[in-house]
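As recorded in TrEMBL:
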TRANSMEM  35-53  transmembrane segment
TRANSMEM  86-106  transmembrane segment
DOMAIN    158-347  domain 'ABC transmembrane type-1'
TRANSMEM  166-186  transmembrane segment
TRANSMEM  193-216  transmembrane segment
TRANSMEM  222-239  transmembrane segment
TRANSMEM  289-307  transmembrane segment
TRANSMEM  327-347  transmembrane segment
Amino acid sequence: MYLILLPYLLGIVFLTAYFLGGNKLLAYVADFQSAMLLLAICGLVFVLIHYFVKEKINLFKTVRANIGVDRGTITRKSKLFIKKFFSYKAVWIAFIILFIFLSMAIKPGVFLKYEPFERIYRDYVVRSSDFDSTPSRTHPLGVSPAGQDILTNLAFLARSVIETPITAALYSIIIGIALGAMAGHFKGVIDRVLMIIVESILAFAPIMLFMLVLMVFPSKDIRIWMFAIYGGCTLAKIIRGEFFSLREREFVQQAKATGCSEFEIIFGHLLPNSLSSIILQTTNFLSQVIMYDAMLAFLGFGGSGWAQYLGNLFRSYQGYAFRRAPWAVLFSGGFLFALIISINIIGEALRGAMEVKENA
């Protein structure tokens, strides 16, 4: 049980050294998110080395043996999963949209005709120009009220719109697995205490809770951890429920009878059989973070680069400005809407494919 907590105990030591600045080896860590990701990797690598090298446990063999299928069955089910997943026509459209977003995030220069946030039209030119006209070949998505090319700004900020959700999702998976595994496997006092904490957090409406937290702690680091903790609590409840239904299964009881360690039971028997629920929840969580980030930015609570830019753009185009040039909001908001819908489509396709795989 205590070895499962080792990565997080190492994390406390890592963060203490990071904030005190006493360890020169940590000088290359750029920010708090990088530090947390590095500590998680270091802790998990330490645990894996301990079990795979020192105790010589073949966890992958354990996983395959105790799911109750042989290699041929796994291959057949994998083919069914892939066939069913790509049978959804909307998935191909979703992948194209995601490819465009990733291209903008990785190589924004391809889409940049101007400098980001460059005022192409100055005040004295704006009054005599047609910058509020419909999108043209020169400005495919139009020009903002500040005289900036909207496509250029969105391409430049594309990395930020996926950076926050992915970072928060990684942290939520770590938090959710840690809390859900301990609550679902060890039961008793641990389960009751953890569930009281989880239920207390989930009792709040998400947007109200986020607004309250950001009013007290207006920080980017706190923003990411706020999303991660809320998503981790939701995932913890799902994993706990999965563990409750799996721990009485025959293969788990046999593992206990043969003297398997708690680590083997959790990571070799219970967690692999809960992966489908974890994947589905993570895809839903990604789209939720993007949506909440944009909502908070519109309400004036800041956000990632793209969310904050869209929030400011939407506020500046309220009323008469929106009626005069609605495409500035519709195209910009459409980019965000397309990203959220694409992630949801992939999540639903994963759900359908996993149901076919489990019933095969």
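Including glycine, each Cβ sits where the backbone N, Cα and C put it.
Across 86-106, 193-216, 222-239, 327-347, the stretch most heavily in contact with the transmembrane segment (166-186), judged by Cβ pairs under 8 Å, is 222-239. Contact counts against the transmembrane segment (327-347), taken as Cβ pairs under 8 Å, peak for 86-106 among the stretches 86-106, 193-216, 222-239.
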